[in-house]
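What TrEMBL records for this protein:
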- A:21-40: transmembrane segment (TRANSMEM)
- A:125-356: domain 'ABC transmembrane type-2' (DOMAIN)
- A:168-187: transmembrane segment (TRANSMEM)
- A:208-230: transmembrane segment (TRANSMEM)
- A:242-264: transmembrane segment (TRANSMEM)
- A:276-295: transmembrane segment (TRANSMEM)
- A:331-353: transmembrane segment (TRANSMEM)
Amino acid sequence: MRAFLNLSLAMARGLARDRAAVFFTLIFPLMFLMLFGALFKDQGVGKSDIVQVGSVKVLDGMPDKERAGLRDILEIEKTDGSAAARREALEKVRKGDADAAVFQRDGKVELRYSAADQVRSGTVRGVLNSIVQQANQRATGQPPAFALQTGAVEDETTKPIQYLTPGLLGWAVAMGGVFGSAFNLVSWRRKRILRRLWLAPISARSVVGARIGVNLITAFAQTAIFLAVASLPYYGLTLTGDWWLCLPLVVCGTLAFMSIGLLVGSFAKTEEAANGMAQLVILPMAFLSGTFFPLDNAPGWIRTVSEFLPLKHLASAMQDVLTRGESWGTALPVMGGLLLFAAVLTAIAARVFRWDAA
Amino acid sequence: MSNAITADGLRKRYGETQAVDGVSLEVQRGEFYGILGPNGAGKTTTMELLEGLREPDEGTAHLLGTPSWPRDPALLRRIGVQLQASAFFERLTAREQIRTFAALYGIEESHADGMLETVGLAEKADTREDKLSGGQAQRLSIACALVHDPELVFLDEPTTGLDPQARRNLWDLLRTINSSGRTVVLTTHYMDEAETLCDRVAVMDHGKVLRVGPPRSLVQELEVDTLEDVFLQLTGREYRE
Ligand SMILES: Nc1ncnc2c1ncn2[C@@H]1O[C@H](COP(=O)(O)OP(=O)(O)OP(=O)(O)O)[C@@H](O)[C@H]1O
Ligand SMILES: [Mg+2]
């Protein structure tokens, strides 16, 4: 037991003193969380900028009350009605400096918008449409027979931080697992520590166990930091019921990704090669698993591929237990799958394992 | 009582190279045994086969009456090994290294610190492994091999890279260990070292043992002046690639 603890301590010290490793396992994923969390914080479509070229009756004749109501969603910039001003306005739209240009020609209100941002142009179209409708109504002098009141649902589960946190945490755990075991294996082989340990009366189980222990502690640290930062009022993560189920999920995920690292480390001859190969595995998997953004709008084949990726299942199970109020029912099958994955890959890695660099 | 080492017909091939080609040797308990030979003669590979670090293609090796292959943790407790190229845990200081090794054998930390002092590294105890000089790393490697008071010690070129003081100190240490009844096997390229330390030496080349005997007897048998002459006469004068 003392041998096991001391070996774990030696590994933990070596890891903690490796600045690059600390950065990439703890700080780097956290930076993503903080950055994405801030970027997507108010993801609702904000104000739209439109350029009004010359006089447009429906806009100029808007009652003050209606104008005040639009202040939060529409910013109108007025220019003179010359042909040059119109060209300039259209150029602005093309460049994305303005969201739309509006002008009046032969009694018709014309709206020009860019197709690049469909959400934005849809909003502008809708707003302009309703302005025109209301102007029409005023012209008929009749009170509206039907009115549709709209408003976005400010639902907790739709807040970006609610899916960013589990996804990015899954990615962080995956990186920690793959890099932790791949790097460790390669550098211990190159520095002949594997050989030296072979000559000490310690079981392979203790060596592997110590490494897993160190990785698990790192993963728990990642989880604690992630949840703490995301729960700050600024980001506003709210956890649901059995959120602590993320801990056993993190354990199973760590084992699954360490087994990938073991396989990478068995093939790679140098640390650089291990780094490259690990990146090659992790980065595409992170995108295809929807850890950075949801895959709801992705093509069908991508969603099919993602079903085979352990990170997809880890990330969605994490989301289910952390922010969607799910419990054992969703977590257990995923844990089982991850453990099975780890067992298969470890068995393969054991077959291609090499003691020596040569 | 069984021999410290009994090796019988050891062979090991690396691709095209027959690194060890039928080595048989016997080392008595309490003996100080040297393995000599030119670069690439197969000394390190022979040691590795004896230690049970590699599986021989053919032949067997018994240490203290126990086969060294397959790996046997109970036997590993009783032997100490210093590899030709030192192997340390990454980014640990000298003291942390030797304490970790001590813990693997269930040895007290205070004993580990004492060992560090014995090899003259007390001042460098807080220096990280990659910041030690070549000779200091070599001494730490030896200290790690000896920390658990092994009955049988393998040292692969222990004095390479050491300054004269450290070399003499190590000789004294090895003599002390040996005089307390422990068996020491070492390889070296210094003939004076082999002559002063070893009870018997084996001269190897091309993976084979050419001759075994006490240094003095070998000098007499071949009717030359020094062990170095013995070496050159047995292995030839031309350079090795
Ligand atoms: N891991 C290995 N893979 C392939 N060939 C090897 C390996 N280790 C040793 N050899 C080859 O086996 C032969 C014997 O090597 P060995 O290291 O045993 O020599 P040595 O007597 O210890 O030499 P030195 O005095 O230089 O330490 C050499 O030709 C070497 O190239
Ligand atoms: Mg050698």
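Placed from the backbone N, Cα and C atoms, the Cβ positions cover glycine too.
Curation plays no part in TrEMBL annotations; they are all automatic predictions.
Below 8 angstroms of C-beta separation, residues 4, 7-8, 11-12, 15, 25-26, 29-30, 33-34, 37, 161, 164-165, 168-169, 172-173, 176-177, 180-181, 184, 237, 239, 246-247, 250-251, 253-255, 258, 322 of the same chain, each at least six residues beyond the ends of the transmembrane segment (A:208-230), sit close to that stretch. Beyond its flanks by at least six residues, the transmembrane segment (A:242-264) meets 166, 169-170, 173-183, 185, 211-212, 215-216, 219-220, 223, 274, 277-278, 281, 310-311, 314, 317-318, 321-323, 325-328, 331, 334-335, 338-339, 341-346, 348-349, 352 of its own chain at Cβ-Cβ distances under 8 Å. Within the chain, the transmembrane segment (A:168-187) has long-range Cβ neighbours (under 8 A, six or more residues past its boundaries) at 11, 15, 21, 24-25, 28-30, 32-33, 36, 211, 214-215, 218-219, 222-223, 226-227, 246, 250, 253-262, 264-266, 268-271, 273-275, 277-278, 281-282, 285-286, 289, 291-292, 310-311, 314-315, 318.
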